[in-house]
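Per Swiss-Prot, GTP binding site is recorded for 19, 20, 21, 22, 23, 24, 25, 26, and the stated evidence type is sequence analysis.
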């Protein structure tokens, strides 16, 4: 929010969702959005691409009838999306402020961006919290490679766990290594196709980012 703002609009939580290309960031957004809406949360979505708005178009198609397409905005960065969410987030800050102005009753904005390998982080001027997404197909050694995105993220998502047997990856090893490099910071294993771990991820977002009471599993309306 602009420091000079004196209006009474509520603070809309900004959540960055980053990770390597192909890790499943867009898929994560597509599966958690209907659950958030079902639980009474009003989301907005911003995606980042270099020279297109293809991710935004994909999300609009997938969430048609679930989320008004005007609440999904694509940003063409013209350069590495990594730069546009960390070193110079001005384009994304402008996009966020535009969405906040248009939809002031929203509860959260998800800002999706790819980045270089494991180095992507979000400027605190842009995101209040951020989720980093990796996938099993990258190999079980990925957590051991550290990287600021993987280590510092508020939540680490290890996605596409169904692919583990096909790429020779051990989920036990990945979990063990994740605990070593992240310490007490939370992580979760997910499968967007089956929904495994997705409700739990939404629980974490609501509890840790939105500070909303979360019902025990199985009690969601």
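A Cβ is built for glycine as well, from the same backbone N, Cα and C atoms used for every other residue.
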Cβ-Cβ distance under 8 Å to residue 23 (GTP binding site), same chain, at least six residues away: 133, 134, 135, 138, 159, 160
Neighbour count (Cβ, 10 Å) for residue 25 (GTP binding site): 26
Least Cβ-crowded entry, counting other Cβ within 10 Å, from the binding-site residues listed as 19, 21, 22, 26: 21
